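In what follows, a single structure is set out as structure tokens and then discussed.
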Amino acid sequence: MENKFEIKYRDKVFFPVFIIVMGVINLYIAYGEFYLNKKYLTGLLLDSFEVTCAWLAVRYIIHYLDQKYPYQQNFIRRILLQLLLTSVVALAILIFFTESINYLITNKPVPREVYTHHLWVFEIWLLVMNSIYVTLYFIQWSSFLAKKKQEPELELPKAALLTKLGNKSTVLSFADICYCTIASDLTLIYSTKGESHLIEKSLEQLEQILPPDQFFRANRQFIIHRNLVQAIERIENGKINILVKPCPKLPEVITISRAKAPAFKEWLKLAAV
């Protein structure tokens, strides 16, 4: 299962029914009773068309906010922003179509009482519509959280690290590590296959994780595997040069400081046991 939550409302079935019911109730408020005549059916058709346009706009706004400003960021602000945007846009669409259709039919502006009697009804329906979407969202969110809790967490082998190889995450066994290094403030692990793995840990952290009998912190830049060591030579001031096996981006000689030289010698003895 993906860890990213994606909302799918599946509202294209019940909302057309919701719109028709809304139109019937709206006309009942207007006329006080039902009339199965041409005028009534025409009014129902026009109202349903206007509300459908408003609903599609509201639906788009809610989908957009779900992506850009989900409820989890700030529930109160999201609700207020959603109510404001959906109300302004939906009412603007309703007024535009009402005025346009009425002007085409009667060549007159819409009487003021139409707005005083009907806009508040539409605003109530708009609140109901928003409530439905909020409820649907959190039903799916709760289901997502429940499934996420049931999903077993990926358990890495104890002798492995989770790294990035290109665009993929991969599990890299300790036995497959040649050396670890720092390059441009990034921690890289080179494998026995010559691959460069990126890991979100410092060399200090890796030093604590990797088995000390197999890996040694040679200097500030390298942690090396014991299999890389071919030979050692003493140089001035008690320092040691390590001659290493060929490995991508790894110098042929790594210098061990005077302070680390005794620890390195002890490590070689342990590694040889």
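Each Cβ is built from the backbone N, Cα and C atoms, and glycine gets one as well.
Database features (TrEMBL):
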- 160-270: domain 'HTH LytTR-type' (DOMAIN)
- 12-31: transmembrane segment (TRANSMEM)
- 43-62: transmembrane segment (TRANSMEM)
- 83-105: transmembrane segment (TRANSMEM)
- 117-139: transmembrane segment (TRANSMEM)
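Same-chain neighbours of the transmembrane segment (43-62): 9, 11, 15-16, 19-20, 22-24, 26-27, 30, 82, 85-86, 89-90, 93-94, 97-98, 101, 122, 125-126, 129-130, 133, counting only residues six or more beyond its ends whose CB sits under 8 Å from a CB of the stretch.
Residues belonging to the domain 'HTH LytTR-type' (160-270) score a mean pLDDT of 92 in the model.
With DSSP classes pooled into helix, strand and coil, the tally for the domain 'HTH LytTR-type' (160-270) is 26 helix, 51 strand, 34 coil.
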